[in-house]
Amino acid sequence: MTAILEKTEVQSLWARFAAWIVSTENRLYIGWFGVLMIPCLLTATSVFIIAFVAAPPVDIDGIREPVSGSLLYGNNIISGAVVPTSNAIGLHFYPIWEAATVDEWLYNGGPYQLVVCHFFIGICCYMGREWELSYRLGMRPWIAVAYSAPVAAATAVFIIYPIGQGSFSDGMPLGISGTFNFMIVFQAEHNILMHPFHMLGVAGVFGGSLFSAMHGSLVTSSLIRETTEAVSTNAGYRFGQEEETYNILAAHGYFGRLIFQYASFNNSRSLHFFLAIWPVVGIWFTALGLSTMAFNLNGLNFNQSIVDSQGRVVNTWADIINRANLGMEVMHERNAHNFPLDLASVEAPSING
């Protein structure tokens, strides 16, 4: 009798670590993108919470008039925010070691840049992690492609827009009222509501919500019953079953009769592709619009009113929007400049006589 002895190969610590990182058997997949994502998102989240609760006021406009954003300095959940980095810093990289003291770093809004940069790296890695897990499982990569839409939108407001405007102080504040303030100022300075790409984004978000609600309600209403009337329909479902759980033809027939035949899908793949692509493309366009307006390539500006043959102004909706934009711009950074930039850009009259 011959005994066959096999030499057991001892794996190195690194090999075992690498196998654990890319294992799809873990409860939560880590992946190589996760190695960078986890510390970045933990850092961003921790600093955001601390700054939201306790950060001192920030000199956002760079004019020695600090703005309070934290809860301990008089704000509530609605008005609180992590205030953007000071205009005095501009686009300079501003880690803690660039400031003379921690107090100076806080005064100039260093936490905002720290949170935004780590958050940006984190969400990009999350998108890469989605692709990585799909690749390991032999799936197609479209989950990561869909997630690229919100990543593009976040990149536009936190990275591209400050770069285009020349300062991180123009980035979106990290808070509820700060977000609304950013939107109002953006409208005042760029007339975003009159930009076709923003209109496509609105159609994508609201249309996606409508289509999602329609699809969910149709599926829920056409479940295949495997039980009696006395028992819940859900009791007939087995997790992971191969059989269809709802009748797409019944849903197609219902919706076709409700509107018209070709308004509904009878192909499940086409239906779900449409549900995915509609909001994603809309948000892509919005991010593209934000990124172009960052460099002052603005929306459709109707700066000249329509006049009749007698020179009288024919009031239009564009006049109302223009007036609202000027009013919002007057109130924005009211201590930093006295007039809206649209009015202040006109050459001053000579005073030399």
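Positions of Cβ are set from backbone N, Cα and C atoms, glycine also.
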(request) Quick one: sort out which of 29-46, 47-64 is the transmembrane segment according to Swiss-Prot. (result) 29-46
(request) Let me know the most crowded of the binding-site residues, choosing from HIS118, HIS198, HIS215, HIS272 and counting other Cβ atoms within 10 Å. (result) HIS198
(request) Please give the sequence-distant neighbours of the transmembrane segment (274-288): residues at least 6 beyond its ends with Cβ less than 8 Å from one of its Cβ atoms. (result) 142, 145-146, 148-150, 152-153, 155-156, 197-198, 200-205, 207-208, 211-212, 215, 265
(request) Among 118-133, 142-156, 197-218, point out the range having the most Cβ pairs under 8 angstroms from the transmembrane segment (29-46). (result) 118-133
(message) Just to verify: the residue among TYR126, TYR161 with the fewest other Cβ atoms within 10 Å, which of the recorded positions is it?
(response) TYR126
(message) What residues elsewhere in the chain lie close to the transmembrane segment (118-133), defined as a C-beta under 8 angstroms and at least 6 residues from its ends?
(response) 22, 24, 29, 31-34, 36-37, 40-41, 43-44, 47, 139, 141, 143-144, 147-148, 150-151, 154-155, 158-159
